[in-house]
Amino acid sequence: MSRPSSAGPCASKPCGKQKQPPPPPPHAPSLPATISGGPGASAPPAPTAAAITGPLSQQHQELTSLFECPVCFDYVLPPILQCQAGHLVCNQCRQKLSCCPTCRASLTPSIRNLAMEKVASAVLFPCKYASTGCSLSLHHTEKPEHEDICEYRPYSCPCPGASCKWQGSLENVMQHLTHSHKSITTLQGEDIVFLATDINLPGAVDWVMMQYCFNHHFMLVLEKQEKYEGHQQFFAIVLLIGTRKQAENYAYRLELNGNRRRLTWEATPRSIHDGVAAAIMNSDCLVFDTAIAHLFADNGNLGINVTISTCCP
């Protein structure tokens, strides 16, 4: 059983008399107006901050606009390649093109634009999900990793399996589930019983149910799959139809109970942004094999007691 802990170190305030810091040096622009230098000249230093929150200055916005890809309008990031006339296109779009989208010149041979790469190292780029609410601007080396986990990226359908390709905003997830996955039932209350029927069905099977409490919807998922060859296992987990930050406010408890036996798991629910695949891969959920399932099952039906609670601040 794994119980998450919300305790952490307390912040302390400095006390006593402190020395006054020396006056700051005269203000210098954060970006050079021009780039010059002969052979062997080094690139301008990268900004010390890897990310900032909030709008960029007008000058900075004009500079980042020079890196816009004319095809997808995302930013052209290092390694930066140009056409024979000097026009830029991002690496993702370049792989699909045979000629420059701006001047129709050939994109081969590949010509590296080292000057723009040096400028890119001194610029912070807005997250690609800025239009949906993200206010972060990041160094180009940090941008892809952030965008993979950005809270403002589109939500995928949280149902197990890859058959549904729907994507949309968090506000539209429940509407999608209601209209496109009508077989999913919803129970209300903090304590419910998740009944999985016919657990002896062969092959990979999943069971899904919704639980509504604390003004939120939680998705209960039970999957049976052969994670290791010849060894079928069950994986049970709870997802919040919400953000990671919202999920941290709750805890869930899964319990198998019967025949004077008890098996429990307690954890923080995952956001549907994270999905169930990573949790199953890392066994970060309630895991039991078919032999244990049969100890708690009744005529091929398995009841899992599910309790949702709020975490103390």
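Backbone N, Cα and C define each Cβ position, glycine as well.
For the Zn(2+) 1 site that Swiss-Prot gives as CYS134, HIS146, CYS150, the extra residue drawn from CYS127, CYS159 is CYS127. Listed in chain order, the residues near the Zn(2+) 1 site other than CYS127, CYS134, HIS146, CYS150 are LYS128, TYR129, ALA130, LEU136, LEU138, LYS143, GLU147, GLU151, TYR152, ARG153, each with its Cβ within 8 Å of the site Cβ centroid. Residues 110-113, 116-117, 120-121, 125, 128, 140, 143 of the same chain lie 6 or more positions beyond the ends of the zinc finger (69-104) yet place their CB under 8 Å from a CB of it.
Measuring Cα to Cα from CYS134 (Zn(2+) 1 binding site), none of the binding-site residues CYS157, CYS164, HIS176, HIS181 fall within 10 Å.
Each residue contributes its Cα atom, and for CYS150 (Zn(2+) 1 binding site) and CYS157 (Zn(2+) 2 binding site) those atoms are 17 Å apart. Shown for the zinc finger (69-104): DSSP residue counts in helix, strand and coil, namely 4 helix, 5 strand, 27 coil.
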